Amino acid sequence: MARRVAVPAGPLGDDFSFVSPVAKYVLFFFNLLFWVISMVMVAVGVYARLLKHAEAAMACLAVDPAILLIMVGVLTFLITFCGCIGSLRENICLLQLFSVCLTIIFLLQLAAGVLGFVFSDEARGKVSEIINGAIVHYRDDLDLQNLIDFGQKEFSCCGGVSYKDWSQNMYFNCTATNPSRERCSVPFSCCLHDPDQAVINTMCGHGMQARGYLEASAFIHTNGCIDKLVNWTHSNLFLLGGITLGLALPQLVGIILAQLLINQIRDQIKLQLYNQQHRADPWY
């Protein structure tokens, strides 16, 4: 006598789900982490803006680090918000928006890297323009001032192309009609570091623009920061590649998880429709 095998003819049970809890909650906590980070960035940026004098803050709006922090924070907040709610509520529209935004940002980063490498002269000119704009507003924004001082000390440089670029600043301008006490000077961050000096001499750059390169080089760094930055970039390509990969990897993980979850949700919707159709069938 042949053995009969029972084969279920009906639809899958209501408790079955194609949506993987692992993919769902990994994507949720992944976005939650960056969501919290984005709120901290916005809070710090807004706090930094509020501490600044209104006129000075508006004068250097284009080169204000606080504005950049706020913009990046708000963008990250909106994208991760879509990822958080979309994964938790299994909302395809929010997940698609999250995935598309991450894809666009990833492609823009990739395009910026390729264009910066191919059009290196144009990129150098843009960097020079940004540095010159920062020099002009050096005394207008404390955050910008600290950022420039940090860069000049770390790269042992002064100005954009040379130390004489500081004449673009109204306080350091070297014209005879300039009444500033800092006329023809450069910031203290341009000065050569003396390991035996316990207290920083903030007046060490006084009158250095009036001196020639050879004479000034005994007291300050005369080379500009652009060349130093380019040389540092060429010497640290592997480090920059690692940083770029570290930034791109979370984006790729987010895109893959979002697309995986979208496909699972669509399969779940098809299953629900299939079950509903069979329940409506009088022979079911």
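One is the number of the first residue shown, and numbering goes on along the chain from there.
Keep in mind that glycine also has a Cβ here, set from the backbone N, Cα and C atoms.
What TrEMBL says about this one:
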DISULFID  Cys157-Cys190  disulfide bond
DISULFID  Cys158-Cys174  disulfide bond
TRANSMEM  25-48  transmembrane segment
TRANSMEM  60-88  transmembrane segment
TRANSMEM  94-119  transmembrane segment
TRANSMEM  237-262  transmembrane segment
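Only residues 6 or more beyond the boundaries of the transmembrane segment (60-88), in the same chain, are considered here, and those with a CB under 8 A from a CB of the stretch are 24-25, 27-28, 30-32, 34-35, 37-42, 44-46, 48-49, 52, 94-95, 97-98, 101-102, 105, 130, 133-134, 137, 140-141, 143-144, 147, 254, 258, 261. Of all the disulfide-bonded residues listed here (Cys157, Cys158, Cys174), it is Cys174 whose C-beta has the fewest other C-beta atoms within 10 angstroms. Between the CA atoms of Cys190 (disulfide bond) and Cys158 (disulfide bond) there is a gap of 5 Å, rounded to the nearest whole number.
The local packing around Cys190 (disulfide bond), expressed as other Cβ atoms within 10 Å of its Cβ over all shown chains, amounts to 25. Here the Cα atom of Cys157 (disulfide bond) is found 19 Å from that of Cys174 (disulfide bond).
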